[in-house]
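Everything below concerns the one structure shown next.
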Amino acid sequence: MKEKYLFIPPKPKFTNKTIDKKELKKLMAWAFSNYGTGRASYLADKIKDLGFQYATKAGLSLSVEDLRVPPTKRELLKRTNEEINLTQQKYERGEITTVERFQKVIDTWNNASEELKDEVVKYFKETDPLNTIYIMAFSGARGNISQVRQLVGMRGLMADPQGQIIDLPIKSNFREGLTVTDYIISSYGARKGLVDTALRTADSGYLTRRLVDVAQDIIIREIDCDTDRGILLKDMVSNNQILIPLQNRLLGRVLFETLHSPDSANVIAHINQDLDHNTAEFIVKSGIKSVIVRSPLTCESSRSVCQFCYGWNLAHGSLVDLGEAVGIIAAQSIGEPGTQLTMRTFHTGGVFTGELAEQIRAPFDGVLRIPKSFRTRLIRTRHGEEAFVLEDSYKLDLYDSSYKKHKIEFKQGTILFLNDNEQFKKSQVIGELSTKSSMITERVTKDLNTENSGEVCFSNLYIEEKIDRQGNSITNTPKGGCLWILSGEVYNLPSYADIKIKEKQFVEEDEVLATSKVISDYGGLVRLNQSNQTSNITELQIVTSSVSLDNATIVTDDQKSTNSDPSYTLEMECGIKFHMLCSPGNKIVNSQIIAELIDTKYQTSTGGIVKYDGFEVNKKNKNKKGYEILGEGALLWIPEETHEINKDISLLLVEEGQCITAGTQIVKELYSLTEGYIQIIQENEIVKEVIVKPGKEHVRSTTSNNLNEYPKIVKPNDPDYAEYNAQGTIYIEELHYKKGNALLIRPVIEFRIDNEKIDLKTNYLTNENHHITIKPTKRVLFKDGQRVKSKYGVDLLKTYLIMSVDFDKPHLSADVEFVPAHEDDIYKLHLTVLETLQIKQDDFGESKKKSTITSLCVKQNELIKAGSTVAETHLLAHSAGFVQSINQTSQSTCKVLILTNSDEKSIDIYNQTPQVSQGDFIRSGDQIANGIIAETSGQIVEIETNKIKIRSGTPYLVSSNAILQVKNGNLVETGDTLAILVFERSKTGDIVQGLPRIEEILEARKPKEPSKLSQRPGKITLNYDSEDNKCIRILSSNGEYNEYIMSGIQKIIVSNGENILLAEPITDGAPNPHEMLGLFFNFYKERMPLYEAAKLALQKVQIYLVNEVQNVYQSQNVDISDKHIEVIVRQMTSKVKVEDGGDTTLLPGELVELQQIENINEAMTLTKGLPARYSPVLLGITKSSLNTDSFISAASFQETTRVLTEAAIEGKADWLRGLKENVIIGRLIPAGTGFNSYNDISKSFVLEKKNQMPDSYEQNQNEEQNIEDIILDDNIARNYALIENPINNFDTIEQNINQSKDI
């Protein structure tokens, strides 16, 4: 092959292996890194052709026969079921709590599933290595171990839509087929996958958008920033597993310092050298465990990253070009796998897999020996077993059957399940090392419900009362203990029931225990619903009182009626008519109007002023329908016509004081209806009202000059009356107009109110209860002196029929009934007060087994007295037994406990000495006499010579810090909540945690339950107090210490004597990065200058954030290069918050770039001014985007109005440094070919490149090329000297750049 290379590429190696996916990857990577894109794609094409050629010759197919289920499965399932039955027995004996049982079941099935998976692989490997499924899955062609496991192993445990694990596993696989239950549980988990995929695609897209926005202006702008800092790289480890080996992390990095071999001190690699695959491999092989490299995190370039700090462009395996937009590449690299992560859950169909703990299994049958000096602490495992936690690391002795000694190392924190000299079987779990960080735990509660009814009994249960913030009393169990439910039948009785039994009485089956009565409060006439059978009547009505009008009939008013709303008229025998204001079926209350008299006697023709003359009104009973008139008198009415207009005064066609005739135009299209004098009411040149006052003008005489006496009413018998030359009562007021003032004499219309009676003949249904009556009443509708604004007439007074109720029963309401008379369409009015009584068939609770009998004690139309019993309900005993207790639980209920024959069991002990005493609690499986085992749990009630009587019961173990819902001696029914257990559980670790967790880290959110962080570095001492609280003390080298008190609930992840670093977590949970930054900064600022302290504190948090993001992606087997995350994290940690501006122009609370504030402070030092004080801050990606220097970029991201307004107020300038700003205003972006921000690229650099060309290039220049050689790509192109005269060329470029700048 004739090639034009600056270096001789390595010769291809012969790979004598099965070429599976992994090997193919290696081959392609080799071709790409040595020969560039073009040749690598050519090779890929050739391999594809080769693959297809053979695919047509032979292929693999899947058949049912290939799905081989390992024969050990049946045995494994049998073993697991036995273990689960054992756990259930423990639970029934009250040895473990319901939570521990659940946890044990889940772990047991999970381990069984894992074991079966290993069996499947082993079975294929040993018996059928050419099995098509095995070949496909393990060559990497299609499928993975998880899917194979579901096909031929067992589907295992599934999670429900809330992410909680269902404790019923799917034991079958797809080869055997699923049962209906299996299928439904399966669909449950799979549906979750589908929904999640749909939702998370959007989440992932939004994450990418935010990342692009935060990093879009990071461009490679210079070659070397000459930084004096680097970061330390070593293997990335989590849970004792190497996630990313050092070799992979070094690839494409630039060294910060020259590396020497640890053995020979030879130079392995030079400072500023970029590391390729071979060098990285060589460094690791030479035994170097950690290397300091250049990193975007420590780059000193302002608002960019330099070539050396960034390292390789991973797309072509060589140093990144100037002008490369690395920010966008970083954002896409982190955002893109988000969509893949979403697909992960979907394919496994929600199958739960979790490496819950690393188990240590016994290598053989044997015995364990524990030394005397052994330091352990007794704990209760999550399965409710007692075990020891090792406080230090130990090597323990295990002896096999031939007494040969073997040593096994147990690390600190290991849980040991065996005691000294205890025997164990091969592959038995003897210890467990919990994986502390990867599992996300959450605090949850679970209700403990009783499975049978009976009496609550506390056994060794210590309780304490607490008052919570709301003032409620809470009973909780600080230590835990046992709670027994001693069985018996519980009956719930309402407090009003009449109990017919006494304690210790024997009751027969179907005997009446209690009776509840339905009583009528008022008495009256009984009405039963005819259609109902007496056996199941649910309600009956009692007519307490009823009144009817005998001398009036109701007819339908056809003129006013509509289909939906009929109108009725009440006609009296004397000819008076009333309009009905209520319909049949309406409910009316005291003083409510029934009907209104049809009458025009008190109607006016216009508006006016109302005056009362000689009568009183009832002020108390004011309602919407006016005031009730007491006595006789007259209403005086002074008519006037009021027009309410809202118009400009210039539009008015009349003026103040003008006398007009009827029909005069006041404003356009508005005419007066009466004649009179005009009064105008205006406000701010706007006419509100025009009033036309009828009357005549009267020139005031000299004698009457008292202006305060007007307006007034003058009657004909008044001494001054003659002066006014009028007829009838008059109303005098002043009149103002242009010429001057005069008096206006207005006519007064008098409406007489006489005391005429309306004769109502009322008839009462019962002789005793006359609670209600119908009475007529007159009401005046306006107040004394009120102005009625109207141009049309109004009614001044109305006569109503109202319902009146006895003053001692004001709450009664009556039903309106129209009772048909003898003729059609004619009705009589009845008002009836009804008492509706509910007759509940289930007065004693819902329970099916409780039998009740209800009987009626009255007949239809029977007249009963107040307080009479209407119906009775009897509660019958379900089975015969003794009344154990009658328990008044609260004001409303009372509970009765009856012990039946089935609740007590007798056990023959055949003259043996009993090993128990009366009152003891025993559990099933306990020995009660020599050779006699109790089959049921319960309490010993009686011991006779030959018999022991046991009252059966169920024990429930209550864990510590549970909240009790019952008290000792309470009676409970099946399904009642006994206690709320508080516990920690691990969430399933699928990507449901992935994306939100990445978002949480990158948005720098405070975790919900953050872990406690150490305030100083030092040595830990752990103590436990009596309350089971843990006291942690961290002692530093200078003798100072910090103390932390932890409650029993918080899980501690450090151990005694351990050395801890600054800001390391002490308890379980995710650390709060803001707190971490604060701790580091406060610690460093006491020991070094402010700038250095801020830089170092930020660097610590940066490295933590990078590792956290990597952890999440690695848990899903997604590889992302560190440098991409570093670029994003650099943007999150570039700002500081000003605390005190000193003599600078900065304000407290302002966010400034760290480098910028340091430059300002340096200037202050020179001018002897006071420098600014600040503290570093961690901003989430959204906040960083909004706080960027460019307001155009920030506004195009979120909160456009706010950003632009603030920028305008502050008078900001946008320097257009990033890509986004330039795109928005339509300029060339400053990346790639548009990169012209820096023109001081050293000329010698280009010369150097030219001089590096080897002679082989000159020789090969004129030789012919093969067809395969006309493949040019970036990697090769950069090695060609495409510039004939580099110096002249460079000058031309420089001129062009300068010209474009001038333009």
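Counting starts with 1 at the first residue shown.
Cβ atoms here come from the backbone N, Cα and C positions, even for glycine.
The Zn(2+) binding site annotation in Swiss-Prot covers Cys225, Cys299, Cys306, Cys309.
The Cβ of Cys225 (Zn(2+) binding site) has Cys299, Glu300, Ser301, Cys306, Phe308, Cys309 as same-chain neighbours under 8 Å, each 6 or more residues away in sequence.
Reduced to three states, the DSSP call for Cys309 (Zn(2+) binding site) is helix.
Compute the center of the Cβ atoms of Cys225, Cys299, Cys306, Cys309, which mark the site for Zn(2+); besides them, the chain residues with Cβ within 8 Å of that center are Glu222, Asp224, Thr227, Arg294, Pro296, Thr298, Glu300, Ser301, Ser304, Val305, Gln307, Phe308, Tyr310. For the binding-site residues Cys299, Cys306, Cys309, the greatest number of Cβ atoms within 10 Å around a candidate Cβ is found at Cys309. DSSP assigns Cys299 (Zn(2+) binding site) to coil in the three-state reduction, placing it in neither a helix nor a strand. DSSP assigns Cys225 (Zn(2+) binding site) to coil, not to a helix or a strand.
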